[in-house]
Ligand code: TR5
């Protein structure tokens, strides 16, 4: 039996309604970057950190974040100066998939804003795999 939890439409709506909008405040991810809160790190370089999601939605569910948020609370806040880190994050996602043995099939997701159920306002890529993915996503 899979330990992966499904999200119903009602739960997704509730999560969206409860999600904080971007306040610019520091988030739990700053504490993870500072290693003040433990996480299971699967990838790290000078610019990004990849760690396992605490509530995995697939056998492999890794979050990839820039170590310096630099105003990138969400993708819709991206500016020209962020081009390099955005490309770096995407290439790091490929390296995570390779490391996790899911290069044959994986998904990269960015939830942007309450309508998309973003709950942490520090840009992050979800790297998901290890099971057959479905389309469309919920
Ligand atoms: O909903 P969005 O796209 O913003 O994704 C935020 C993700 O952060 C969710 O998938 C959460 O499960 C995940 N998350 C939240 C916390 C957390 C985490 N992943 C790893 N470790 C975590 N800690 C220690 N604390 C969290 N609050």
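Every residue, even glycine, has its Cβ placed from backbone N, Cα and C.
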From 112-116, 117-121, 122-126, the residue range that TrEMBL assigns the feature motif 'Histidine triad motif': 122-126
Average model confidence [pLDDT] within the motif 'Histidine triad motif' (122-126): 98
Neighbourhood of residue 124 (active site, tele-AMP-histidine intermediate) by C-beta distance under 8 A, where only residues 6 or more apart in the same chain count: 29, 63, 64, 65, 110
